[in-house]
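Here's the structure we're looking at; comments come further down.
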Amino acid sequence: MNNLEQRINAAREAIIASDYLLIGGGAGLSAAAGLDYGGKRFTDNFADFIEKYGITDMYSGSFYPFETEAESWAHWARHIDVNRYAMPATRLYQDIFELAGAKEYFVLSTNVESQFVKGGFPAEKVFEVQGDYAFIQCAKACHDTLYDNAKLIKKMLAATADCKIPSELVPKCPVCGGSMDVNLRHNQYFVQDQAWYAAEKRYEAFLRASLGKKLTLLEFGVGFNTPGIIRYPFENITYVNHQATLIRFNRDYPLGPTENAGRTISFDEAIDVVVKALL
Ligand SMILES: [Zn+2]
């Protein structure tokens, strides 16, 4: 189906006909929602870091090898505030919530800005597999507790000067006394706490309930950075369940495997435009 209108109609019919909706969100979704990591959002908020360290965008900034924790946390505080706390619900995530409507749904997300919950989805229907900017953990994962960072980030922002926070604000692990880190899966020390495992259980329960039933999988902006979390499982679920339809939104890789060709609807158009058309 090459015609956009035909694909939109087919996608709409699949959603209407389904009893279950499994929604997957990747980096491309947040970019489409306006949470892009470059451009004006970056230059407006990081002028001092750009000047001092030559950082080119927020993504590479999060990997910048700062020499001191005082600099690294000053940068994280800014990054977390811009993308998590200061960022309201975006229109696109709200539209996806509206699209889900009264269906039995579940959301699997590799994004860490909590936009699905901000957009309206109940937290217990969302599994954020890769972490959440709102929490910190022991950098060496010596224990599996996550700590809400809202107050700490506020203090860091207020106290940042010359791209540094005062050393007394650098968080230390209350158990081993070592460094703390943001709860993001960027190395082998990512902490999965009880809430993470509980969300995984709810996801598995949803998969069992929807097995063999009329299911539509809506996959938004999931590429090949971590395809093993959403992209490949969604293809497998579609392959196994003959009542399933995969609706894939991806600017660069919208197609599915040939085995699912009759039950995959692909969009390489702007996600927000197609979602609006589906509503
Ligand atoms: Zn520790």
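Any Cβ shown, glycine's included, is placed from N, Cα and C.
Automated prediction, rather than curation, is the source of TrEMBL annotations.
What TrEMBL says about this protein:
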- 1-279: domain 'Deacetylase sirtuin-type' (DOMAIN)
- Cys138, Cys142, Cys173, Cys176: Zn(2+) binding site (BINDING)
So what sits near Cys142 (Zn(2+) binding site) in its own chain, CB-to-CB under 8 Å and at least six residues off in sequence?
Cys173, Val175, Cys176, Gly178
Say we define neighbours as other CB atoms within 10 Å of the CB. Which of the binding-site residues Cys138, Cys173 has the fewest?
Cys173
